[in-house]
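Some features that TrEMBL has for this protein:
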type: COMPBIAS; residues: 383-395; note: compositional bias 'Basic and acidic residues'
type: DOMAIN; residues: 48-187; note: domain 'Potassium channel inwardly rectifying transmembrane'
type: DOMAIN; residues: 194-364; note: domain 'Inward rectifier potassium channel C-terminal'
type: REGION; residues: 383-412; note: region 'Disordered'
type: TRANSMEM; residues: 84-105; note: transmembrane segment
type: TRANSMEM; residues: 159-182; note: transmembrane segment
Amino acid sequence: MAKDNRAFTSVPGSTVTNTKSSYFQRKSKLCDKAEKADRKLRRRQRYVEKDGRCNVQHGNVRETYRYLTDIFTTLVDLKWRVSLLVFILAYAITWLFFGVIWWFIAYCRGDLDHLEDRTWTPCVNNLNGFVSAFLFSIETETTIGYGHRVITDKCPEGIVLLLLQAILGSMVNAFMVGCMFVKISQPNKRAETLVFSSHSVISLRDDRLCLMFRVGDLRNSHIVEASIRAKLIKSKQTQEGEFIPLNQTDINVGFETGDDRLFLVSPLIISHEINEHSPFWEVSKQQLQKDEFEIVVILEGMVEATGMTCQARSSYLVDEVLWGHRFMSVLSLEDGFYEVDYNTFHQTFEVPTPSCSARELAEAAARMDAHLYWSIPSQLDEKVEEGTEKEEMSKEINGTLTSSESEKVQVE
């Protein structure tokens, strides 16, 4: 009977624990979903992607004719599959267009009706249909000249058409070949070998808070006249109440001192000193975690091989700014050369860094200097005090001497 009671009482207990566990599992899943949704809501949309692509799309552009006024740039900016399609269609349409005209001239002159007449002088020899006219158009525009189909001197309209096709064909060749050459030689692919660190860091450098990130070049051919710029992308509200989304503010990375001009042979750490002119002057570690902004860095220079201007871009969100970190060293001295280890290019390590803002740190340093100044007397003050003490002692001695001399005179 006891066994039956135990068996009876064990079933409800297991069901209760199972229901509780399932309840907690459902609750944890709901919490996870809520956290994920909250992260998605809090996740800030990038203005510039990590690979440098600008995350901006132009909509409701009514003046589309402006794209046609600069057709060359429009064709260069097209995707490769569209550019190849335009390239093929440009030649095919011109060949077909002039082929139809050559066939029409032969048809109007009656050359197609006198194919077997040896005494008839056609406009184009051995042109017996539309296919042969199309082939003659290709041979004329591409200057192949197989020698089977040739124009005669008894066809003035054919001579004019030949001149027109030669001129127009040269223009089409120059335009399309130029587009393909510019598209192939674009320095966009060169920018892919310019790398930025995955994170930026904030730490002390020479007792000052600095925002730092690292740049490097993977190729042996250098970037000539390389320069670096940085922008802070953050929404702003003016004193008049105007809201400015994606306001751009310059971040000084050495423009005044010339440190923004880079000799990019090995990876370099770009530093921004957080001073009273910096937008991060009043930002502390706690405030940094709550703030929303994006730092866009731009590296420009000329490709040494082609002389064309190259630009590489990247960005850092708030989550990608590490407070109290420093970059690992990537440069080592080997036997007769310097070696760069790109395995540690993105790695950082923690260093002791105050969590206060740069303004608070500067004020604390100023108070410390003032305290030291007023607590420790200077050597000049000590010398002045010693001088006054000596003068007072000499006066007292002189006073006693004069009084004793007067007493002697009176006694005599």
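Cβ atoms here come from the backbone N, Cα and C positions, even for glycine.
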(request) Take the domain 'Potassium channel inwardly rectifying transmembrane' (48-187) and count its residues per DSSP category (helix H/G/I, strand E/B, coil), listing them in that order. (result) 87 helix, 4 strand, 49 coil
(message) Using Cβ atoms and a strict cutoff of less than 8 Å, what residues sit near the transmembrane segment (159-182) while being 6 or more residues removed from its termini?
(response) 72, 75-76, 83, 86-87, 90-91, 94, 98, 101-102, 105, 137, 140-142, 151, 153
(request) Mind looking up the mean pLDDT for the domain 'Inward rectifier potassium channel C-terminal' (194-364) in the predicted model? (result) 91
